[in-house]
Amino acid sequence: MASWTSSQFLYEETKPWGIQFLERFKRSGRLSFKQYQALVFLLTFVAYIAFHAARKPNSIVKGTLSASTIKGGWAPFDGPDGTALLGQIDLAFLSVYAVGMFVAGHLGDRLDLRTFLTIGMIGTGLFTALFGVAFWADFHSFYYFLAVQVMAGWFQSIGWPCVVAVLGNWFDKKRRGMIMGVWSAHTSLGNITGSLIASGLLRYGWGWSFLGPSLLMTFLGIVVYLFLPVNPPTVEAERDGTEIDSTMRLGDTITESFLESRMSTGFDRKAIGFMAAWRIPGVAPFAFCLFFTKLVSYTFLYWLPFYVSHNMIGGEYLSEETSGNLSTLFDVGGVVGGVLAGYISDQLDGRAITAAGFIYLAIPALFLYRVFGHISMTINVILMFTSGVFVNGPFALITTAVSADLGTHKSLKGNARALATVTAIIDGTGSVGAAIGPVLTGYISAISWDAVFYMLMTAAFISGLLLTKLIIAEVKAILFGSEDEVASSSPATRAPIDVLL
């Protein structure tokens, strides 16, 4: 049984029990490198689907918990400030989630990633279930729900750094763009899965909407612990070539690389300073752009089912279950938007141009959805899908390709730690916006949904304006062949990452 240790890590990694079991059925006694890659891809993919699925019940049950439902809602959310309280819970979750990423990154450098990820998954499953337990236990304390969401946010924050780190161990930089393009669809698929499960179980009581995703998460956490190979040395896998680069880091907020010194790819260098990373051309504009982009995207993530159920479509109100199912079309649009944004930006050789184009198109899409979405189900479906394309397209582009481009800026001279720092700045700033948007909506929606949409359109407009200088630089480079540094590096130096987070 393979094992390896390092003085830099306070653990010993061993071959998972499930891998040892599978090898008994192989004539050679071991899995091939490609089989390990397929296993890693599948396990990390479904693991993060489960993480996002566990976030959706909160948005699905908002209508049931609020005071405007026929059954009178659920205290303490059945009063006039019910939507504001729901917004505060979202804020607590997202705030802890954002901060927890930095802590999780630090701990991940010192713990076995497989064990750490399993803890995150089972912990997420536990506290997702505890939120639903209030239904059967007849709990009505706001602070109970708040505490549960705080803990859920912490365990959720463990997921993304771990899955990206493990995936980065197994796929070299040249192939990682294509692989990440397919793999990163887990975000929208997780939202869709969570919406369908929570909506389908809602008819039996809102507590079941939490129990379903929690059981899925817990089961997959056990599977991950039994079968996930963290890196090739752990399972004595021989690479099919010289792919040793493991510097790619993408995601919501990752402060330090998990792969320090494991592959000797620049992690032994001194990490770039925080302020120095801010001074890299393009980092600050894209970071603040993502702040407003995530504000819009996460407002839809947490409030769209509630909005749909509380606004007439075709002259009638939809049930919470139907509203939850319908809201998945926004995520379907997000998948398409992410693919289109990545493809177009590659063809134009302009990340800022593409991101801003999608952002500006999101403004009329949001306006049309608010004004005409109530006319009929068909129009609502079309406009919701279109909004998802233009809202999530730039979000996906910035959190993948742009972060990779800026984190491998030529001035960094291959410093792998610089990429992690740059990613943390961009995605960390965006996560702050993700926390603010839903809580603002909780307060503003109590006054007017028109005001909510004006807030979202204003945020999108500001987001696009922040990229103006970079757009001008990219246009000059396209028209005149300028060699000036712009946010997006040339095709020869940037990772070919196309699509969605």
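Any Cβ shown, glycine's included, is placed from N, Cα and C.
The annotation transmembrane segment is assigned in TrEMBL to 36-54, 84-104, 116-136, 142-167, 179-202, 208-228, 283-304, 352-372, 378-406, 418-440, 452-472. Per TrEMBL, the feature domain 'Major facilitator superfamily (MFS) profile' maps to 42-476.
Counting only same-chain residues 6+ beyond the ends of the transmembrane segment (84-104), those with a CB under 8 A from a CB of the stretch are 58, 62, 65-66, 76-77, 116, 120, 142, 145-146, 149-150, 152-154, 156-158, 160-162, 252-255, 298, 302, 424, 427-428, 431-432, 434-436, 438-443, 446. The list of residues near the transmembrane segment (352-372) in space but at least 6 beyond its ends in sequence, with Cβ under 8 angstroms from a Cβ of it, reads 282, 285-286, 289, 293, 296, 337, 341, 344-345, 379-380, 383-384, 386-387, 389-391, 393-394, 397-398, 402, 449-450, 453, 456-457, 460-461, 463-464, 467-468, 470-471, 473-475, 486-488. Relative to the transmembrane segment (36-54), the listed stretch 179-202 leads the set 116-136, 179-202, 283-304, 452-472 in CB pairs under 8 A. Same-chain residues lying 6+ beyond the ends of the transmembrane segment (116-136) with a Cβ under 8 Å from its Cβ atoms: 47, 50-51, 54, 57-58, 74, 104, 107-108, 144-145, 148-149, 151-152, 154-159, 162-163, 166, 205-211, 213-218, 220-222, 224-225, 228.
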